Structures are given as C-alpha cells and as structure tokens.
Amino acid sequence: MPITKDAALAALAKVIAPDLQRPLTDLGRVRELSIEGEAVALTVELTSHFKQRLAADIEAALKGAGAKDVRIAWDVAVPQRTILPDDPSPGVRNIVLVMSGKGGVGKSTVAANLTLALSREGAKVGLLDADMYGPSVPTMLGVMGRPTSADGQKFLPLERFGVKLMSIGFLLEDPRSAVVWRGPMLQNALLQFMRDVEWGELDYLVLDLPPGTGDIALTISQKMRTTGAIVVTTPQEVALQDVYKSVSMAQKVGIALLGVVENESYFVCDGCSKRHELFGAGGGQKIAEFAEAPLLGQIPMDPAIREWGDAGTPVVQAAPASPIARAFLDVAERLAGQISAHNLASGGGLRIDRSGGTNKHLPIMR
C-alpha cells in the first residue's frame, strides 16, 4: 500500500534533531518531501556533518510507516559564532578551544583526534597549535616544513589529511629549540596566527591551548569572539584541582563551556577483557557538573593512541573503525551538536554547504 504524505510527516515528527532535541518537523528541517508509491525522497537540513545516526532514524521511521525505499539529500548548514567587523578570521565559522588546567592530560591528543574526526565527516577544519612553548602538532600530525606565502603578506597553512595546520613548530629551525618569549610576544604571535594565516572558509578552527590560565587564554578571551571551549581532564584528583581553575577562568572571562572530555578514563586488559579504572572514576563528571556543561565522552587508555600519535597519524585517521577511534568520533559528534545548539541559542547565523557569555546546560545528542 502506498505511503501517504500525512503518514510520512507523522513518522518524521517522531525523529528528533540531535542539536536542539526537538522533532525535525517542528524545526522546519524537512524540505522537498516527495512520494511515489512506496518510495520517499526528502531533503533534510543538518547543522553538522554527522549524518549516520539521523539517517538511520529517518529511514526506520519512514519504513515503519510503510515506505519501502527512502532517499535522503542533505543540506549542511553549520551555525556560526557572532563575527565582529574587525574579526581577525572572518571566514572561520567556529573557533573551538581545547583547554585544561593541567599539563599531561592528553589535551593535544584529544585536539588532534577531534579535529580529524570532524574532518572525516566532511567538515572544513583547521588546527592551530597555540602552545608556543610546547608545540605538539608537527609531531602528532607528522608534518615538518615551513609555511609559504603567495602574496608576501599571509602565510598559507600546511595541510595534512585534509586539515589546515599552523604551529610555531613549523617556524623553528630546530624542533628541539626552546621558545623563550615573554607574554607580549606570545600574544602577538597568536594574533598573527589568526590574522596573518590564510585560513579561508572553515567550519571549525580548533585551538590547542597551552595548559594553565596564562597569557594565551587571556588574549583569546579579549581579542577573539570564540564559539566556546571544551575542557580535557583525567579522572584523578590531582588533575581535577588544576582543571577546576581552568573552568573558573573561562567562566570569569566569558568563554562558553561546550563540554568536558575525560581522557585516560579506563583501560581494557588484553588478558581478562575487564575494564580497569587506573586513575579512579568520576573525575570528568565532577568537572562537568562544576562547569554546568555535559560530559562529552570518556576516552580509554590504549597504547595505540600513543603509538599512532608518535608516528604522526592519529588513531582516528590510522584506524577509524577501531573502538578507540569510535570513542573520539562519538565525542566529535556530540561536540558538533553542542556547537550548533550554542550558536542557535545565541542567535548565530547559518551558512549552507550543499555539498554534502552565559553557560547553561545545552541540549546534547543521545
């Protein structure tokens, strides 16, 4: 029996948009719905490039209403931050900070893998290594060499795996050389990396910040209109005490907190297949509650994360089907939903890609 348009719309009304947690039909996300017998074709507007879960929900709903064939076209409309007239990077829709108060919690590992996870889904992404004293991007992404300039005014970022990259490490003659700069020089370098690098049109520019609450974080809060930050921690109390300070600083300077990532959360033993929480449990949730932000996910300890990072190919790129990569991809999907929800709630605009500050609890996708 052919499916009717009313039946199709009723079925789609039960499908929840992952960003705002409301039915697709209520949000006007379903367009160009057409039916021929038992075949349904429709166009759905997305606010991030993550389609797989939503596609499965739409197909299940329509087939439950009698459709035999479901064809979905997508319009990706990534909401953007508020961009001021003097913004140093007006083509960058979202600036996302990855921060922690504690060194050694795996912040750069998380930043690199989340960047690649966003890129793998089709987003245009850049990664800026803002840790001037300890740049990690050249090693973790396996990139060496100096940026060039086409016009003598702006650097062209290096690229790897489809991601645009910039790091102070690219400008050092010897990667073992120390950067010995005071605060004003750090600030100027960071602003130059934003203003004098040809980032072009990006959906997301991820900034890997140095640990702590020093000059770089303060400069960003004063000179840039960011979308928000995610906070990386490990579960143990000694890490939490410093991460609390990072959260507090963000709240004081008006940086929205999009979520928390608990790294090195657990270890699955090869011999017994049991989950062992080597550094305790619940640390990420404590930070999330303090920050009034969701816990975006827990990343396990696994030698492969370190091995692939040392080899210059983060695990999301090297082994995308692995459970470890899946953990990063899930966090990236939730982060993209948080970014969309935050921008829509803040009145941010949409830019449609047809190719395929107070901080409250934001809707988070399941």
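Using the three backbone atoms N, Cα and C, a Cβ is placed for every residue, glycine included.
Long-range Cβ neighbours of GLY103 (ATP binding site) (same chain, at least 6 residues apart, Cβ-Cβ under 8 Å): GLY134, PRO211, GLY212. DSSP gives GLY103 (ATP binding site) a coil state; it is part of no helix or strand. The ATP binding site annotation in TrEMBL covers GLY101, LYS102, GLY103, GLY104, VAL105, GLY106, LYS107, SER108.
The annotation domain 'MIP18 family-like' is assigned in TrEMBL to 5-72.
Counting neighbouring Cβ atoms within 10 Å of each of the binding-site residues (GLY101, GLY104, GLY106), the lowest count belongs to GLY104.
Considering other CB atoms within 10 Å as the measure, the emptiest surroundings among the binding-site residues LYS102, LYS107 are those of LYS102.
Within the same chain, the residues at least 6 positions away from SER108 (ATP binding site) whose Cβ sits under 8 Å from its Cβ are ASP129, ASP131, SER136, VAL137, MET140, ASP208, listed in sequence order.
With helix defined as DSSP H, G or I and strand as E or B, the domain 'MIP18 family-like' (5-72) counts 21 helix, 21 strand, 26 coil.
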